[in-house]
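Let me begin by presenting the structure, written as structure tokens, before commenting on it.
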Number of protein chains: 2
Amino acid sequence: MKFEIMRDKLLEGLSDVMKAISQKVTIPILTGIKIEVNEKGLQMTGSDSDITICTSIPVEQDGEQIIQVMESGMIVLQAKFFSEIVRKLPTNEVVIEVTEGMHTHIRSGKSEFHLIGSDPYEYPVLPEVSDEHRMSLPSDLIKSVIRETVFAVSQHETRPILTGVHWELKDGELVCVATDSHRLASRKTRPEQVPEQPFSIVIPGKSLQELNKILPDTLEPVEIIFADQQVLFKTRNVLFYSRLLEGNYPDTSRLIPSEYKTSVTVNGKQLLQAIDRASLLAREDRNNIVRFSAEGGNTLEVSSNSPEVGKVEELIEAQEVTGEELKISFSAKYMMDALKAIDGQNIEVHFTGTMRPFILKATDNDSILQLILPVRTY
Amino acid sequence: MKFEIMRDKLLEGLSDVMKAISQKVTIPILTGIKIEVNEKGLQMTGSDSDITICTSIPVEQDGEQIIQVMESGMIVLQAKFFSEIVRKLPTNEVVIEVTEGMHTHIRSGKSEFHLIGSDPYEYPVLPEVSDEHRMSLPSDLIKSVIRETVFAVSQHETRPILTGVHWELKDGELVCVATDSHRLASRKTRPEQVPEQPFSIVIPGKSLQELNKILPDTLEPVEIIFADQQVLFKTRNVLFYSRLLEGNYPDTSRLIPSEYKTSVTVNGKQLLQAIDRASLLAREDRNNIVRFSAEGGNTLEVSSNSPEVGKVEELIEAQEVTGEELKISFSAKYMMDALKAIDGQNIEVHFTGTMRPFILKATDNDSILQLILPVRTY
């Protein structure tokens, strides 16, 4: 194998692949990156067995020659060293050559690196994803869907299925739901092109977080192809594979109340900042609980009390308060996560009593719904 | 105590004082900030017993009223909570009031915080520094002196005196030296206004690092006042006290060779980058050693070899190489620290043989000198 490549393009592809690399893998070869070069260009693959990322760099792009292939071939190089070397090379031209015994030479300017590679035939093959189910979504929409749901997945392995986000397609609508059983985040969207059959998959939260880092904030279409155990997100130059979680996701639709006793319309940013301040003194406590009350006209009060430190009282003018008077307590962290996900000018909060879950949504948009279970303190 | 203050000014002063706050203090009251307000303005003090920082905010500055004092007084507030609260207040007007029983109220917009303060009379008094020795240096010069020396202090408490930087005034010249006994950094400067008597003090490295964060990058004069056990750096609004290290600093002048066998003149940045790359594969090893050789005309070679990972070879064209051929090994980290401190276009490296310390300095400037002990590998 021997080729010359532009360092900045190599670095670009490498930084995507590196997102799949973990030092904690049990299969030693997965600490490496598989590099394959042929007349079409360069392919690099990184994997931690749950996630596999594969980037392609074409020989030519936009009329510019990026790679000059002298000899096709494959090698696996230690990801950590290879990426650090490429990052620090002195010039933008890099020659990579593999000689006998997997000796790999990386030359740039007056620098020469010599790494001992590993056998590329020992590297796991890419997962096979039959393309029976596929749909396409704009990249920036996928990023929004991830940001608005993934924070609510469970961090505990006691119910592994809850560490993923449930993506379900029904009647042409894609519903994405995450819950850790104390709160729930839901996002609906109608893809332009949908598969004929309904589907239901659970994608690990961690995979979606890495996917979010790789996808561009553009309208570029991303193809999503899924089979029983794998999902593949496909952009122009990147293949992102993730393992799916096995098992049935709980039916969460019946958790969402449809009748309300108290409803509040308020500026989302004001409420977020007030809760942030109210929780300042409560952060030491395990639960980080704030109290919320709507008892006098349109004035809301958010407060907290930590006997050893002090207390905080925040008043907020709501646009509208309807229904019964209310006193309720909840996790400041969950509330702030939910408000950040909605990120709306004006939001509605609908309560069904002190001990029942309440929901949040934007006043002008039904696609995002956030649900939080209160805490008993009053 | 009751006063109103502009939040941004309060925050500015607070961020300096917070640099002295440590959660690891043994005296509980030092987790707090002492706040004192009188007709002149506001004074805040933070301390970890080694360092004490005291900032003043005047009632009026540049014709603008910053503080309105309704009632003088003092209180000690938990530093962590107080600074977080001030940072997140909703408006730029803050009213702070202490009522009976050290109950402290912080009001801004529709937020009200209530903290339980501590007795200000339990807070340690400021160190007394008699002003028999004093001099003045521009703030940016002090920052340079710190950056060029402090990295070389010892990180180990086996010889406590080496954890500080030695500041010595002799014949009108201030010489600042740090060494961890494997390398040495020295910086000379001639202050415009010097005390009549020579002096010799050892300032803890940690204090100088905090001082560097507080001082502005301007020509503003800083007064330096020192006594037997304390040094005080005084700017317009900040008093920075540091404990001094006790004991005699070793005489380091005899370590510095005055005769050389091999001398090299080379671009400092090129050498720094080459050593950075050459050490990439050696970082796992405890010592992070690179080899350096000057054996063929003006071409220098920097290389390293980590049997399990691979090897690197770097060639650098020097401007000039004089004297004997040389092969030497040294810590890449020490060399990079020294090159960063000199930060010169062209640097000179003078060697006195494979096992003798070598020195680095800028070609056009004698004020900084760096010394490194080699490692035996050849």
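Cβ coordinates are placed from backbone N, Cα and C, and glycine is handled just like the others.
These come from TrEMBL:
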type	residues	note
DOMAIN	B:1-127	domain 'DNA polymerase III beta sliding clamp N-terminal'
DOMAIN	B:137-251	domain 'DNA polymerase III beta sliding clamp central'
DOMAIN	B:254-376	domain 'DNA polymerase III beta sliding clamp C-terminal'
Tally of residues which DSSP labels helix, strand or coil - the domain 'DNA polymerase III beta sliding clamp C-terminal' (B:254-376): 27 helix, 60 strand, 36 coil
Predicted model, mean pLDDT over the domain 'DNA polymerase III beta sliding clamp central' (B:137-251): 94
Secondary structure composition of the domain 'DNA polymerase III beta sliding clamp central' (B:137-251) [DSSP: H/G/I, E/B, coil]: 28 helix, 47 strand, 40 coil
Secondary structure tally of the domain 'DNA polymerase III beta sliding clamp N-terminal' (B:1-127) (DSSP, helix then strand then coil): 34 helix, 62 strand, 31 coil
